[in-house]
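Per TrEMBL, the features are as follows:
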REGION    1-62  region 'Disordered'
COMPBIAS  22-31  compositional bias 'Polar residues'
DOMAIN    62-108  domain 'Amino acid permease N-terminal'
REGION    83-116  region 'Disordered'
COMPBIAS  104-116  compositional bias 'Acidic residues'
TRANSMEM  122-143  transmembrane segment
DOMAIN    127-635  domain 'Amino acid permease/ SLC12A'
TRANSMEM  155-178  transmembrane segment
TRANSMEM  205-225  transmembrane segment
TRANSMEM  246-265  transmembrane segment
TRANSMEM  271-292  transmembrane segment
TRANSMEM  326-344  transmembrane segment
TRANSMEM  356-375  transmembrane segment
TRANSMEM  495-514  transmembrane segment
TRANSMEM  520-541  transmembrane segment
TRANSMEM  553-572  transmembrane segment
DOMAIN    644-781  domain 'SLC12A transporter C-terminal'
DOMAIN    806-1007  domain 'SLC12A transporter C-terminal'
Amino acid sequence: MEEEDSSYKTIFSLGRFKIRRQQNGPPSDQAKSAPKCPAELPPPSQMEENGSLSDPPDYETTIDACPRYEFYALSAPPGRRKVRPSLDMLRNADLTKGDPSATEAEEKDVEADEPEAEPVRFGWVTGVMIRCMLNIWGVILYLRLPWITAQAGIGLTWLIILMSSVVTSITGLSISAISTNGKVKAGGTYFLISRSLGPELGGSIGLLFSFANAVAVGMHVVGFSETVKDLLVEFDGVMSDPTNDIRIVGVITITVLLGIALAGMEWEAKAQVVFFFVIMISFINYFVGTFIPATPEKMSKGYFSYRTNNFLDNIGPEWRGESGSFFGMFSIFFPSATGILAGANISGDLKDPAVAIPQGTLMAIFLTTLTYLAIAATIGTCMVRDASGNLNDTMASANFTSGDCVGRACEYGWNFTECTVAGTCEYGLANDYQTMSLVSAFSPLITAGIFAATLSSALACLVSAPKVFQCLCEDNLYPLIGFFAKGYGKNKEPLRAYALTFLIAVAFILIADLNTIAPVISNFFLCSYALINFSCFHATITNSPGWRPSFRYFSKWTALFGAIVSVVIMFLLNWWSALIVIGIIVVSLAYTTYKKPEVNWGSSVQAGTYNMALSNAVNLNDVEDHVKNFRPQCLVLSGPPSFRPALVDFVNAFTKKVSLMICGNVAELGDSSCFENYNEQLQWLSTRKIRSFYNFITTGDLRAGARSLMQVSGLGRLKPNTMVLGFKQDWQTDSPQNLENYVGIIHDTFDFSAGVCLVRMRDGLDVSRKVKAQVNMGFEDSEAALGKEKRKCDSYKVVGADTHLETYFQGNQKKKNIDIYWLFDDGGLTLLIPYLLTRRKRWSHCKVRVFISGQIANAEEHREEIHLLLTKFRLGFTEVVVLPEIMWRPEETSRKEFEDLIAPFRLNEGQKGQETVEEMQKDAPWKVTDEDLRVYKKKSEQHMRLHEILQDHSRNAALIVMSLPVVRKGACPSALYMAWLEMVSKGLHPPVVFIRGNQEDALTLYCQ
């Protein structure tokens, strides 16, 4: 522990944090006059510097912490990670008391077990550059580049190399940008794409890339086996036949490589360094050999050292065989360029991936491109395409006839006409895969280079595939693959994934044909490159503040160009293979989109979604409202959504994928549960697949809170135009003020020119319940600081419905009726909401009946008029019922029920004077006067009669929709208004929904 500056004195310590005060006198004087520490504070020995405010300036009244790297790093093991003080701690911590638990936790950290041994980490040279170069200098370089040069000519071969280099260079720049935008972990290409584009595309490319690397292992091992087979033929050591020899050698080889890989990354890295030096020696050997004069034996096989005429002959193409085309050659060559991801694929084993990946990858692309160009040019200048290998095929031989010599070799005194014309030449650029050995100064060194190149590339892919697949399995995006996520040892080696890679590689080794395997994996790698470039482009155009790569040498347009070129090349190489790759991506994309894995990686897709939503919301400001585009955008006064699931499900049934839905919660001042349970409520909505926002406001008054939510909810034109709330079941027993507030919310909604929707269910809507919860109060008394036993206090927590609860509106309603009592024209909202409901599968079989009021004299005429209107509205409602009986006098039982409802709310003014009555009304505005009953007599009788009609017609309906009555503001007592609603809806089994629009058109007959 550092020694404290004597000019500062510690006055408080809270776990990792301490507060120190600057002292004003000489240190000696201060020491004498310093007050003793309070008993509650930990002893000075516990006031360590770990995570504390260790340097001035210090603060007396806060435990604010200075910026620390450890506050942002996630690498520390659990329990030892340093964290900044929370906002709650800064604002509410009691500076007069210490926190014993923090001190104890710190002491436990100090006494923790010794950390595990650090895994092996590599720098940019050995970890990335050498690994990438070895993977690029693979089997194609030694065994197919001369042959491609013979087919395409030096010019087109250079074009193939440069095209590949352009794609890989652009991809390298994109990789560099992505890998420097934050700390890169294990998973390589999969990690880069998934964390940039999200799990949907990242998961699919993880599968493809792991498989492609596993196939690449087989390709490189087959290349190695071909060379061994040629040696066996040369020394007459054939085991079976050429094809089976390749298979036998290949299986033995990959088994040995698997043993090296399982020995650990350290041994694998040492093997790669050895392979690198062997390849470098073979290159030197090759270039030296091009300057050595040709011997007759080499001339008979087509080698004549540097000749200008050879260069001119070989500059153009000469296509042969089924794959003899530009893109046929490109498909065979391109896998050699895929090694640029070898370093990124072991990102978890690099010391600093953000530095190593850009430097190593770009340097490897540059150096290997120069190598390929140089070898293609030199071997095309030194060799002819066809040669017999027969020392007797010279111009001086007896079988030569003047005038029939074909080919450039004639000028050098050699006649290969016979085998050239017959197509039976065994040597030359176009026929012998081992021409680099022929050109070199010492052919065994080229063989050693082939061995090193093929084995190093196979080893790199054998290491890459399991590590990428392991990271994919750990993210658990797909079923049945979690088995392969387990790691072993300090490096968490994926032994199970190694076994799977081994089996896939062996399957392709058994094909035993390099030209068949190479094109298979080209499209897999090209697809990976396309997505890497698109990731970089997408992250840039979304303008996310989190996109801050330290590597600046890239452009979003070059990244987009690289993505497009990669896709185009995919189809030019092999269109059906490209369709298969895209099909795999689409299927896996659809699966992850449907399953919605619980991951949050801050991908550019998330940033793009925000940008798109913001842009569209702003663009809506320029779109004028039109009745054809009217949608009921609902603010649902649900409280916490899980408290009233039926209300939320009802609104979701007609707004999902149609319009806006916002669940609003008005909480009391000081109620912190809204903040604490916010994410829990969002998760509840998401689990039930309810497309809704959730917002809350804390205020002392329900009406004021609802008014505020109505004003501030939404964005631009995405604002609520319909208020949805549950029917107040306890209006007769609740306080009069709450009754006034409830009815006042309806009036306020109309003041905002919005519609109102009231939902009543027989058993109510609120399913919340209290459960006992224990709260540890130990730190809230002074005894805790003295180490005494902590007190425990029982409290209660209110919880809502679980996510699996099925409400009435989620059930299948079969062929029941939806009865709409369209008694007042509100613009059509009363019809529109039931129509939207019938578009749902669970409600689609319901028959909709529309009930209207009318006179007996013109009932049929009125029915025809409304039927025509409904037909023009194209709602599919065909049954219209006229209710002339709605104007009849109600039965005495109904009158008695209504009188009993309002009796507790009568003002009972009697014969009191006008002034006295007005004073009584002012004190109790919710009460019903005799005058109110006289004024609203007909309306009251109408609701009594409606109660009887509903009992007769709609007792067994699936849903009853009723026009909500509207009265003059301040003219009708709230108790009388609620009595009307209660009278109509009481005793009914189906849900009753009262709806009233804002008296503006919600439906139209016209197309414009």
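Including glycine, each Cβ sits where the backbone N, Cα and C put it.
All annotation found in TrEMBL is predicted automatically rather than curated by experts.
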Select the range from 205-225, 326-344, 495-514 that forms the most Cβ-Cβ pairs under 8 Å with the transmembrane segment (122-143).
326-344
Same-chain Cβ contacts of the transmembrane segment (495-514) under 8 Å, 6 or more residues past its ends?
139, 143-144, 210-211, 213-215, 217-219, 221-223, 225-226, 243-244, 246-247, 250-251, 254-255, 258, 261-262, 462, 465-467, 469-470, 473, 483-484, 486-488, 520
Stretch with greatest number of CB pairs under 8 Å, the transmembrane segment (553-572) reference, 205-225, 246-265, 271-292, 326-344, 356-375 candidates:
326-344
Counts by DSSP class (helix H/G/I, strand E/B, coil) across the domain 'SLC12A transporter C-terminal' (644-781):
55 helix, 34 strand, 49 coil
Could you pull out which residues elsewhere in the chain have a CB under 8 Å from any CB of the transmembrane segment (326-344), counting only those six or more residues past its ends?
124, 127-129, 131-141, 144-145, 148, 151-152, 156-157, 160-161, 163-165, 167-168, 171-172, 175, 179, 188-189, 192, 209, 212, 216, 219, 317, 350, 353, 356-357, 360-361, 364-365, 368, 372, 457, 460-461, 464, 515, 518-519, 521-522, 525-526, 528, 569, 572-574
By a Cβ-Cβ criterion of under 8 Å, what residues six or more beyond either terminus of the transmembrane segment (205-225) are in contact with it?
138-140, 142-143, 187, 189-190, 193-194, 245-247, 249-250, 253-254, 257, 335, 338, 341, 345, 450-451, 454-455, 457-458, 461-462, 464-466, 468-469, 471-472, 477-478, 500-501, 504-509, 511-514, 517-518, 520-521, 524-525, 527-528, 531, 581, 584-585, 588
